[in-house]
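So that you can see what the record holds, here are the features copied from TrEMBL:
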- 1-13: compositional bias 'Basic and acidic residues' (COMPBIAS)
- 25-41: compositional bias 'Acidic residues' (COMPBIAS)
- 744-753: compositional bias 'Polar residues' (COMPBIAS)
- 98-585: domain 'K+ potassium transporter integral membrane' (DOMAIN)
- 599-839: domain 'K+ potassium transporter C-terminal' (DOMAIN)
- 96-116: transmembrane segment (TRANSMEM)
- 136-159: transmembrane segment (TRANSMEM)
- 224-246: transmembrane segment (TRANSMEM)
- 266-284: transmembrane segment (TRANSMEM)
- 291-315: transmembrane segment (TRANSMEM)
- 339-358: transmembrane segment (TRANSMEM)
- 370-390: transmembrane segment (TRANSMEM)
- 410-429: transmembrane segment (TRANSMEM)
- 466-486: transmembrane segment (TRANSMEM)
- 492-513: transmembrane segment (TRANSMEM)
- 520-541: transmembrane segment (TRANSMEM)
- 547-568: transmembrane segment (TRANSMEM)
Amino acid sequence: MAELTGSDRERGSSMDSIDSRWVFQDDDDDDSNNDNDDDYEDLHPQDVIDSDEDDNGEMRLIRTGPRVDSFDVEALDVPGAHRNDYYEDVTVGRSILLAFQTLGVVFGDVGTSPLYTFSVMFSKAPVNGNEDVLGALSLVLYTLFLVPLVKYVLIVLLANDDGEGGTFALYSLICRHANASLLPNQLPSDARISSFRLKVPSPELERSLKIKERLESSLTLKKLLLMLVLAGTSMVIADGVVTPTMSVMSAVGGLRIGVPGIKQDHVVMISVAFLIILFSLQRYGTSKVGLVIGPALFIWFCLLGGIGIYNLVIYDTSVLKAFNPVHIYYYFKRNSTKAWYSLGGCLLCATGSEAMFADLCYFSVRSVQLTFVFLVLPCLVLGYLGQAAYLMNNHADTTQAFFASTPSGAFWLVFLIANVAALIASRAMTTATFSCIRQSTALGCFPRLKIIHTSRKFMGQIYIPVLNWFLLAFTLVLVCSISNIYEIGNAYVIAELGVMMMTTILVTLVMLLIWQINIVIVLIFVIIFLGMELTFFSAVLSSIGDGSWIILVFAVVMFLIMYIWNYGSKLKYETEVRKKMSMELMRQLGCNLGTVRAPGIGLLYNELVKGVPAIFGHFLTSLPAVHSMIIFVCVKYVPVPVVPQGERFLFRRVCSKSYHIFRCIARYGYKDVRKENHQTFEQLLIESLEKFIRREAQERSLESDGEDDSDSEDEASGSRVLVAPNGSVYSLGIPLLADYDTMPSHTEASTSDEVNREDPSVSDPEQSLEKELSFIRKAKESGVVYLLGHGDIRARKESWFIKKLIINYFYAFLRKNCRRGVANLSVPHQQLIQVGMTYMV
């Protein structure tokens with residue numbers, strides 16, 4: 001191995017100190033590459049270049065620097081690629097802009113909770129004296145401090161997945177550190193994406209590894225984890241239905257205070273009109289709407305705090321005694337069962353807490369934390385204190401506590417701003433629902449839907465038309481069927497508590513597996529928050545027969561949709577893996593594959609990440625010719641928010657050079673935006689393929705140079721140096737491509753003379769490289785054709801009735817009505833060939 005220059009050594013040491021990371025590696029990884037591809041599963045061991053077979057060797061934690069896969073030499077710098085934007089280097093003006101957008105999107109839900117919290121609480125436990133008001137206020141204040149502030153702002157927001165929040169972001173984070181996904185399309189090379197970050201060893205590492213091992217080895221735990229995530233996500237979607245209903249109806253209900261002749265039917269009709277307007281404006285995007293309505297919500301919080309101060313001064317400042325938690329004890333002592341029933345109404349003050357986490361993809365953690373602590377929380381506390389001060393002297397006005405406590409001269413201004421704030425609050429959970437659906441779709445747990453990206457600058461801001469109108473329809477059904485705001489409030493709390501409990505469980509797992517913090521701290525977190533949430537949940541379950549069961553039915557339907565889709569996708573993938581073509585058959589067909597090789601490039605899209613898909617054999621038997629170059633393209637989502645463009649495309653050869661067959665895995669994070677049209681994608685793919693071939697030849701050249709080097713110690717250690725196009729120096733601790741023969745001798749003898757002419761061992765390496773690059777360019781000029789294989793599954797005749805029902809009807813219905821691959825790729829029909837196959841499972 002040639003000796004590195006001083007600058008190279010300095011650069012290498014800098015990289016070791018900055019970019020080195022801890023990874024899990026097999027004990028025998030020094031002798032062989034653990035990224036093996038079963039494309040070559042039938043070859044002799046010495047002929048294997050790469051495979052992705054699972055390695056059952058013992059895992060150990062080692063420190064390593066940046067690596068380039070020898071199997072899949074990555075295209076590091078792809079020109080014209082879409083780059084992801086982050087909220088970095090935020091200026092003062094930008095911070096103010098973000099704060100207004102955060103108000104308009106994230107805090108609308110929790111900001112409108114003073115409209116209905118006390119009204120719902122006192123409907124369960126009527127006021128019999130000032131002590132009841134103090135006790136209810138103290139309960140609200142400490143719920144506000146514990147749930148939104150301590151749990152979400154100070155703890156849960158820190159469990160984000162590189163700026164992405166929500167239940168599926170937590171699931172992705174867990175799956176990245178433990179192979180807990182049920183979809184078997186993971187590759188060892190996925191763990192080398194720079195977004196995969198493993199924690200440096202600590203005293204709690206052994207406990208973390210035991211949890212990881214237990215989770216990976218137990219199919220039951222994997223299914224339980226997935227079901228918890230799906231249950232939490234279904235509750236988020238249900239929350240997106242009940243939040244607009246509750247917010248809008250409570251705001252419009254203020255008309256009954258200002259205009260005595262207004263009846264409840266009129267409130268319902270006006271609420272329906274407002275909801276239609278709200279969902280119609282959803283398509284205009286988070287940034288645009290957030291900037292427009294952000295100042296309105298800022299005015300709302302200022303009014304909330306101002307009215308609270310006014311009521312404190314005018315009525316009774318003794319309500320400040322509610323900061324003493326002993327009043328909670330007195331409240332339960334006097335009211336007992338009624339106080340327990342009122343817990344459901346009390347939790348309404350914390351509704352919207354989950355939206356802060358689920359909507360995190362739209363804003364930075366710091367902006368959400370600062371806005372809540374310095375603006376939202378103080379105004380909410382003042383608002384509740386003011387309402388309690390009014391109720392101390394007006395026990396009978398609990399039905400509309402907020403509007404009754406508003407000064408008469410400012411009533412209509414407050415009413416107008418309250419309705420605007422209610423509409424904003426409805427957007428908070430709607431945007432959170434969009435985010436959760438996008439994450440679940442990318443991770444294989446929801447049918448593909450059309451997603452519109454509403455911002456050119458920030459990729460997280462999306463709009464899903466089908467889901468938007470679906471939520472509107474169900475919201476209108478809820479408004480018209482349950483017109484009582486107290487029953488809607490009970491349904492609201494059920495949906496909110498379902499999400500909160502799932503989040504608590506997942507964050508606890510993150511603490512144990514990823515954060516690796518002291519077990520005492522984890523136990524304190526679980527006991528306080530899960531115990532409190534279970535207590536609240538027990539209080540609302542007693543009123544489930546009042547009408548709130550509708551929201552549970554909706555959540556169950558959404559859960560079944562996600563579970564059936566994941567179950568069917570898993571069965572389909574496993575069947576395709578079993579039915580894939582063997583390499584022995586490919587060799588028997590020869591480099592012409594038993595048919596005519598027509599000029600051009602065929603991009604065969606399939607979900608398999610390894611092996612030759614069975615659909616390719618179907619193409620060979622159905623068509624008289626195949627293209628001179630075939631690329632198996634797999635568009636795959638990995639459990640990270642963003643895959644850097646330089647790490648997106650992975651390539652490998654399938655068979656020897658004479659076959660001109662490659663595999664390309666295009667990796668995307670669940671937050672990535674696929675904005676490329678088919679021409680751009682073709683260009684990026686071909687450029688990446690050319691770079692792969694050049695760097696493959698570069699590796700061979702480096703290996704041959706290393707063999708001539710007199711420094712045997714470097715060779716014995718297996719270290720290699722590879723200089724990337726951007727100047728980075730990579731140290732490879734794994735064998736290079738030249739360590740193996742491309743094909744066994746008996747295979748070379750059975751191929752045509754053309755194979756021998758193209759074999760790199762026969763011809764000059766540089767000449768062979770130029771020939772292959774020229775072949776690719778000519779094939780590109782002849783045209784690119786998209787070969788789409790549609791694999792459907794049907795249950796076998798001897799299968800259980802429930803399995804037949806799920807696969808043949810429910811899953812088939814979802815596949816038929818979801819967004820097809822042609823629409824996602826935007827492929828023109830003149831360049832498209834589709835072949836279908838049906839697998840019996």
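Positions of Cβ are set from backbone N, Cα and C atoms, glycine also.
Source: prediction; values computed, not measured.
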Notebook entry, point to check: Given the transmembrane segment (410-429), which of the listed stretches 339-358, 370-390, 492-513, 547-568 has the most Cβ pairs that are under 8 Å apart from it?
Noted result: 339-358
Checklist line | Selection from 136-159, 224-246, 266-284, 339-358, 520-541, the stretch that has most Cβ pairs under 8 A to the transmembrane segment (547-568) | finding: 224-246
Margin query: Applying the under-8 angstroms CB criterion, which one of 136-159, 266-284, 291-315, 370-390 scores highest with the transmembrane segment (339-358)?
Written below: 136-159
Notebook entry, point to check: Is the transmembrane segment (466-486) packed against any residues at least 6 beyond its ends, judged by a Cβ distance under 8 Å, and which are they?
Noted result: 116, 119-120, 123, 237, 240-242, 244-246, 249-250, 253, 264-265, 267-268, 271-272, 275-276, 279, 282-283, 430, 433-434, 437, 449-450, 546-548, 550-551, 554
Next item on the list: Within the domain 'K+ potassium transporter C-terminal' (599-839) only, compute the mean pLDDT.
Entry: 72
Margin query: Pairs of Cβ atoms less than 8 Å apart decide it: which stretch in 266-284, 291-315, 492-513 has the most with the transmembrane segment (224-246)?
Written below: 492-513
Notebook entry, point to check: Which sequence positions outside the transmembrane segment (370-390), separated from its termini by at least 6 residues, show Cβ-Cβ distances below 8 Å to it?
Noted result: 99, 102-103, 106-107, 110-111, 113-114, 117-118, 133-134, 136-137, 140-141, 144, 148-149, 153, 298, 301-302, 304-305, 307-312, 314-317, 319-320, 322, 349, 356, 397, 401-402, 404-405
